[in-house]
Amino acid sequence: MVVCLTGLWRYRNYLVIFLTPLLILPLPIIVGGPEASCGYVIILTAVYWCTECMPLAVTGLLPVILFPMMGIMESSEVCTQYMKDSNMLFVGGLLMATAVEHWNLHKRIALRVLLLVGVKPALLMMGFMGTTAFLSMWIGNTASTAMMLPISNAVLKQLCDTEAQAEEREMDLISLRGAGPGTGIPKGQDNQAFDMDDGCTTECTKDVKPMKNGIQLEPEPKVEESPEARERRLKREAKYLKLDKGMSLSVCYAASIGGTATLTGTAPNLILKGQVDELFPGNGDIINFASWFGFSFPNMVLMLIISWLWLQFMYLGCNMKKLFGCGTNKDGDKEAYGVIKNEYKKLGSVSFAEGCILVLFVLLVLLWFTREPGFMPGWAAVLFNKDKPYVTDGTVAMLMSTLFFVIPSQLPRCGGYSEDGKPLKAPPTLLNWDVVHKKMPWNILLLVGGGFALARGSETSGLSQWLGESLAPLQSIPPVAISFLLSLLIATFTECSSNVATTTLFLPILASMAVAIKLHPLYVMLPCTICASLAFMLPVATPPNAIAFSYGNLKVMDMAKAGFVLNIIGVITINIALNTWGTAMFNLNTFPDWANVTTIPTP
């Protein structure tokens, strides 16, 4: 029996792939109609996405096969959903992130911020969380986590080693004053330099591991320890193990929280924009970079502060005098500060390429903010969008990203020869296609496109209208309760499913429900989109959690205890934001005219 079950488990992916279509086949055969056929495709795609029996991107291509074969949509209409304006915005944002990572600008920014905040426990955690969140607003959550965790580990290791040496010197002094030969004080070790790779990836976290539970502890002394020395060592080890757990969780949580602040910070945000533009084409560009930032950035800051306070309470205690460094070991602080300073020195002076990328980055953000600020006509409305929305955020993103393939990475010079006497070649551009091809997550584009295709198919087949009519009784429930319960549902669901798949599956259903009960669509779609990024409880929930867990210092229960409270806090803060400044920004108290859509016009 055990052998049989083990064999079935090994082939579970194949069983899901072949059995799921057969088990739900009665739906289109017995019920019939385009609504049932579309429901068949959506259920099949949802099961494949949740179980990950096939790559998520491959599952995202199922609508291209099944919609035309079932007579729901023409193939040409399905395929156009995979390359929409929001996808171009996503590509532009990823190209910017690729350029920042390629020239190590993100590492320079991170180390500079840490040099400013110092190495006191509370300030150090605040510095790591703030830096990681800021980087995650513009580059991938995975990349920012993989870069910040080795730096965190190096600083804590240095603090631990320095404190151990200070205690050892103190015990040696006691011994010299007549403590006797029975003290057994072990000799201290020299501090080891922590040499980090320039380009940290997920794989590098497997190599940079502490010896035990995230902290490289001192080897067992070869001579017998005195009871006092042993007690001090165990107490120090326990303190730094706990501090290391809190620091690892703070980095991975800050990465997920920071990604919610900008429209390009994480894929679910762009999926929301794409779904709103697809389902409600007359929405007047209600979701753009400026409007999203205006709503989400204050919420991100609030969540980050509360998360910092919670992790402080869990892993550092409430002794403010110690947390902020009053009366602590100054030598240990200097040594740990030196680790960060040495890493910053390794980067050298700011290169021409870094300066160009920083200028392009600032220019891109300014153009995004001023394109359609809301309180005044933007530059796009004055110059281009006089009668139609010709220029969008995607246009700006692609314009600035294209410059990476035009601007040289070094200051051009006329003439000159290399060391071997040959004429100098023209410098390469800031980015080349080999780098982009290696680092660009093309699979996300197919996954997002599959979600747009499913949303279009549900509208075309009439499934959305049927779902809306079925959910009409929810109109008697207060909107605040609907938003809160749906946010909890999404925050729970995303713990065991990809946040991209979660938003792709739920947003069309939420839009249909909102139209049916005459509720502003953003009142349920906006909080649920942000809650899809609140995957704090499990290592498998999101790549930043998995990277932090791979260091070996965390247990599943550690992440679950801290993450459960943060999930609840996140849902509450998002709904507070929704019902305060969110209502004022998007006029969520009224049902908009653009949401009163019965059919979606074909392109």
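Cβ from N, Cα, C; glycine included.
If you check TrEMBL, you get these features:
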- 12-33: transmembrane segment (TRANSMEM)
- 39-67: transmembrane segment (TRANSMEM)
- 88-105: transmembrane segment (TRANSMEM)
- 111-139: transmembrane segment (TRANSMEM)
- 251-272: transmembrane segment (TRANSMEM)
- 292-311: transmembrane segment (TRANSMEM)
- 350-370: transmembrane segment (TRANSMEM)
- 477-493: transmembrane segment (TRANSMEM)
- 500-517: transmembrane segment (TRANSMEM)
- 523-541: transmembrane segment (TRANSMEM)
- 562-582: transmembrane segment (TRANSMEM)
The transmembrane segment (350-370) and the transmembrane segment (88-105) contact flag, 3+ Cβ pairs under 8 angstroms: yes
Positions on the same chain near the transmembrane segment (292-311), where near means CB under 8 A and six or more residues out: 125-126, 129-130, 133, 246, 249-250, 253-254, 257-258, 260-263, 269, 273, 369, 374, 526, 530, 562, 565-566, 569-570, 573-574, 577, 581-582, 585-586
Result, the transmembrane segment (111-139) in contact with the transmembrane segment (39-67) (3+ CB pairs under 8 Å): no
Contact between the transmembrane segment (500-517) and the transmembrane segment (251-272) (at least 3 Cβ pairs under 8 Å, separation 6+): yes
